[in-house]
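As recorded in Swiss-Prot, the features of this protein are as follows:
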- Asp8: active site (ACT_SITE)
- Glu67: active site (ACT_SITE)
- Asp139: active site (ACT_SITE)
- Asp8, Asp139: Mg(2+) 1 binding site (BINDING)
- Glu67: Mg(2+) 2 binding site (BINDING)
Amino acid sequence: MAIILGIDPGSRVTGYGVIRQVGRQLSYLGSGCIRTKVDDLPSRLKLIYAGVTEIITQFQPDYFAIEQVFMAKNADSALKLGQARGVAIVAATNQSLPVFEYAARQVKQTVVGIGSAEKSQVQHMVRTLLKLPANPQADAADALAIAITHCHISQNVAQVSETRLNLARGRLR
């Protein structure tokens, strides 16, 4: 069993999603958004750090998965996103959580099957995979999708490692 915290970073809205993985079964534990209503960036970063720390304390995750920074058209926005992402990662590492990073395209490919999927498609698939009564908010859905991606990728890595080990031992032909 593992609890995974997914984070969709943003300087104004940071989505989070928490799921539990038992074998191949995924279950929803919680999700939401950290909203920073103050104007100055240092105060927003402080709120993101405090919010992520509080979520970690509440859910006690085993793994922390976060979206990688993509290059936006606006360099200033990309820098702010990188800073928001950085404080979230610091909150995780301060709690000794292992951090895993996934590209947005990889998350969409894993959850929807199309790397260029729309936000509404991600929301629908997250709702379906986690058996939720309604679509989660867009930022929370993205965070849940990041957590789901971590589960799928870590399972695949474990299976490949086991197969390689069995091949090395001569158990598979």
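Note that Cβ sites are derived from N, Cα and C of the backbone, with glycine treated the same way.
Small disclaimer: the values here were computed from a predicted structure and weren't measured.
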(request) To the nearest whole angstrom, state the Cα distance for the pair Asp139 (active site) and Asp8 (active site). (result) 6
(request) Restricting to the same chain and to sequence separations of six or more, state which residues have a Cβ under 8 Å from that of Glu67 (active site). (result) Ile7, Asp8, Pro9, Arg85, Glu101, Tyr102, Ala103, Ala104, Val107, Asp142, Ile146
(request) Note down the number of other Cβ atoms within 10 Å of the Cβ of Asp139 (active site), including every protein chain shown. (result) 24
(request) Tally every other Cβ atom lying within 10 Å of the Cβ atom of Asp8 (active site). (result) 25
